[in-house]
Every structure is written in structure tokens, then in C-alpha cells.
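Participant: My questions all concern the structure below.
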């Protein structure tokens, strides 16, 4: 939003949200119906293809957006060393409004402008005229209109909205208030109107215009006003002196080597939308926070197609999809393109381990300090919590962190103060053993609901204050520690107002509206953390999973040992927790009733 919003700042269809595309549906259906029922000499192919052109522009823009973000994540060809945050993502989520507006405008021209209906697919003379008119009067008018927008009156009411983005992405160039886009559309329509009035317009003429970037204009502010042709900046002395050198330097920038890599994977098929490489407006919100029908029905063809591409075309390697910075550390997030169901199948374990092993060796060769394993990349069944790779490669310089110690520390410190008893229910994992052991040492009574879980915990050394639930007793505690395997029947037996604290990688189903569900082990990132503009799976904004934080803290502290394998640092949980707090990671707030 501009600092002092003027008239026609808001787009008229903003209240419609994702339903704004319905504005085009009647026109699209009408043009198709008209084409199918008209006589052969009356068929208007151009009008029928307007919606196809709209869809192509969306796809074309998204391709360049993804390519740009992939290079940014790798650190190659960067122009500005500044972060993109959630504020910019929210501001630029309406980048497709101009495509819808241009589509409606094209329908208007087609129906009202002489010579714009039933045009041929291609005319060379029309293309030449459009190029000349654009290079001449249009670029000239755009240059001076753009300079006028930087006058304080117009800038504060309109153009400041666009300049709120210091780091430009391909979509930044088309994010403007509605009034600006009206002016741009009229301006860029001049060549098309001229060709139409001359009777030499063609369908391909509508493909001539694409957005450009002007990063220096956003950092230096009063330079580089031109759109495609910098000749007017040269004529009027507004060319930034760094334009050529900055371009050359950006091309020479090599891929940066991160300090920490977090290796994660896909969960559900919809989790492809959590990758910032795609739709940043989706990834800036927690997974599952959207209405299920939106992704399940309206985007299922794309979901299936892209899921198939990931799991077959690029399934043999990992790739970087996000870049962050915490203090002096550069963090990369790498994706192993497998879904949760792949990890649950034994026949995929060998191939997954091979991919993880290759990623570890590559990172070690590049000098990466720490690699943390996220989600199901670190399970006992798959690789013994990462022990497999340490034993196979004893000379690794990179340190592997499975995150269990940090996750256990987060859970232990999420239990409300004054709690004397908790109920335990979930599959016994390394994290579960560490949590129960720590609580037992603190004198907190742990009530275990299942005998097989009780037996395993006893064997792990957590025998003090451990009690097996008796059917003669009732669930008296209002704090439950829950993991994978928690059933519906067990949830229903909890007291009203119970606080469920997960210790598992995945959150439990929220079946009780009269109870509270805490987050899976996670913490708020420090205020100094940069380039945090997407959500990690189901976690909220600027919240990082404990498994990922474990790797970051390991590197910040300079710890030299691996933190993985079947053993757990039971006695170091407090030290690990204190280290996280020392580096300004903050615990998530509990419900007010349990503070």
C-alpha cells in the first residue's frame, strides 16, 4: 500500500480473492460459443484465444519467477545482497491482477475497436509498425510518466507501493496500484490501436510485451526510468553509472557455499506448494491452512503433473530451494524429491539413503560445516538416525545433526511450569526416550498408556517416576505428550482443556475442539534472521522446526562432534536449550490457560 493511498489505489476485485478469475469466465465462454456457432467467414479466432493468451502469460511469468528464485537460492547472479521478507510476499501476491485487467481490456478492444476482430495470426507490417511506435512515442511517454510518478505528490499516493520492494523479482515490475495500471495499459495499447486502425493488426502482436526488471532503479531511486530502451535515460542523463558494471559483476558471481544445509522432503502432494520456487503466496502460509478444496479440486491437474515430474524426472538428487541467513551463517534448504509415502515403503529406503549419502558427500567436499536431517530423513528404520552415514564415512569433516536433542529440549521446555504429571502416548523414538528420561530426572510423573511403550522406556533407562496406566485410574493430567500412533479413541478420553504437546515430526489430527494442540517441536527464529519469507510445512511465519534449529545452533556454537545415531545427549538437553536461547531463538507461546 502507498504511504498516502490515492484514488483508485485498490483493485476493484480485491474482495473476490482467488475468485477474481471468474470475471473472465463469461467472456471466455461467450467467445468460444460464438466461434463454434458462427459461419466460417465470421469466426473470430483472436477473440477465442484471448483467454489462452492470459493463461500463457501466467505460465510464462511463473516459469521466469521460478528460474529467478532458483538462482537466488543458489546465490548465483545476485544483484542485491538484501533479504525478501513476508511483507514483500504479501504485497506482491496480486501480481496476476494486471494479467486479468489486460485480458478484460483486450476483450473490450476486440469488440469496440475497428480492425481488431477476425485478424490474421501474423502480419509482418503490423509487427514492424508496433515495434516502431513502441520504440518511439511509447517509450518516450513511459519515461516521462515514470519520472512524474517520482514527484512527491504521485509517489506518496501511488508509486511508493511499488518501491516498497527493494529486492526486485520478475513479478515486482507489475505490482502497482490500480490507477497506475490503467495508465500503463492505455499507454501500451497505443501501438496495438495504431496497427488496428491501419488494418494490419495480427494475433501475435499481443505477444510483444513482457515485464522487465530494473533493480538499480529500486536501489538508487532516481535513475534508470526507461522500460526496454535505456536511450532516453542516456539522453536526459538519468542512467545509473553502475548499470554496466553491476550487470557484469552479477554474471560473474559463482554459487555460494553455505555453512549449514537442512535436508528435508515433501510430505503430502499439496506440499509442493510450500516450495518458494513456485507460488510464494502459497508458501508464505502454513501447509493445510488453506481450504482443502482449493488445492484438491481447482489445481489437482497441476499438482499431479508436477508431483510426477519431481518424483521421476529429478528424483535421483537433491536441490536447493531456499536460502536464509542467521547471524554470520548462510543457510540452505535442500529438497529430496520424495513424498511421505515413499519413506513408509521399505523398497524405497535404499534409493533414499543413496540420495542422502550423495548429498552429504557433496556438501562435505564443498566445505559445508553442518547438515541437519529433517522429517523422515532421520529415522531409526531408514538410517539409524543418521548413524549409517557416520559409520560408512568416518572421515567426514561435515557434522551431521539429526535434531533429536534439540527437539527433545524444546518439548521438555514446552511443558507448563508447575506441571507434576503428564500422560505419554506415542511410538517410542529417540526423542521420546530423551524426553521421558529428562522429565523423570526432574521429578515429573509420566503416565504411559500402553504396556509395550512402558517396557521400551524402562529399557532405555527412564525408570524413575514412570507409571503404567491402570484401567482403574482416570486420565487426571491435562498435559499429554503425544507422538505417532495416537488414536482417536485415546484423544476422546482426555479431559476437557487438555494440552496436547507433540514430540513427533508430524502433528496429530486435531479432533478435540475443547482441547489445545501445541506445535510440533519448533521455535521462533531470531529477529536478525534474514530472507525468511516462507513457512516450513505446517509451522507459522518465522517459526523453524527444532530439527532445523539443531543444525543451526550446532554451527553457531562450533561443536565438533556429530549429533546423530542411536545414542542421545540425555544430559545435554539443558545446555542445548540454553544455547538456542543465547542465539535468540524463542519458544512458542502456550495457550493462556496453560501459562
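In case you wondered, yes, glycine gets a Cβ from its N, Cα and C as well.
Annotation comment: TrEMBL describes 18-36, 48-67, 126-145, 182-207, 299-321 as transmembrane segment. Taken from TrEMBL, the feature domain 'Fatty acid hydroxylase' applies to 137-199. Positions annotated as domain 'Very-long-chain aldehyde decarbonylase CER1-like C-terminal' by TrEMBL: 422-587.
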Participant: Quick check on the domain 'Fatty acid hydroxylase' (137-199): DSSP residue counts for helix, strand, coil, in that order please.
Facilitator: 49 helix, 0 strand, 14 coil
Participant: Take the transmembrane segment (299-321) and find every residue of the same chain, 6 or more past its ends, with a Cβ under 8 Å from one of its Cβ atoms.
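Facilitator: Long-range Cβ neighbours of the transmembrane segment (299-321): 70, 73-74, 263, 266, 269-270, 272, 275-277, 332-339, 342, 351, 355, 358-359.
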Participant: Could you please provide the mean pLDDT value for the domain 'Very-long-chain aldehyde decarbonylase CER1-like C-terminal' (422-587)?
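Facilitator: That stretch averages a pLDDT of 88.
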